[in-house]
Structure formats: C-alpha cells, structure tokens
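As given in Swiss-Prot:
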- 1-30: signal peptide (SIGNAL)
- 39-52: disulfide bond (DISULFID)
- 43-80: domain 'EGF-like' (DOMAIN)
- 47-68: disulfide bond (DISULFID)
- 70-79: disulfide bond (DISULFID)
C-alpha cells in the first residue's frame, strides 16, 4: 500500500513539473517581465526549440539562471521534447 501511494505521488509530481515547466512565462502583453531578461549572446542556442530567458533569482540576485520559453508543441527544460499529447498537434 505504501509503495503504491509513493508511486502515485511521484507520478503526480512528475506530471505537475512537466505542466509547469512547459507553461509560457511571458506577461500578458508579451513582455518578459521585471525578473526575466534576454539571455546573453553566448546562450543563443541554449534552447533547442524556443527562446532563452535569463531569470533573475530574488534570493540569489548574482546567480545566473537560464530558462526557455518553448515554441508551440515543444516541452522540457530546454524545449527538446516534441509534445505529441498536445491536442492541437
């Protein structure tokens, strides 16, 4: 019973992570927002199928953190996975 519960929780967390990581992070007007800046030129190819953004961490302002805004039908940390489950595909 305990193993079954743990498996369900892990599956839930994985699905939640995938959904959250594939959500667009642009503002309503298409702006990056105050804590998201364009990536430096050396990170131009960081995202496989999307746009790179430099996320300014509020708790560690000097630490660089890069994220991707994925193109349509792509998901993942660096937009490298084609989302075949997308109903618009």
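Cβ coordinates are placed from backbone N, Cα and C, and glycine is handled just like the others.
On the backbone, the CA of residue 39 (disulfide bond) and the CA of residue 68 (disulfide bond) stand 10 Å apart. Under DSSP, residue 79 (disulfide bond) is assigned to coil, being neither helix nor strand in the three-state scheme. You'll find the Cα of residue 47 (disulfide bond) roughly 8 Å from the Cα of residue 70 (disulfide bond). If you take the Cα of residue 79 (disulfide bond) and the Cα of residue 68 (disulfide bond), they are about 7 angstrom apart, rounded to a whole number.
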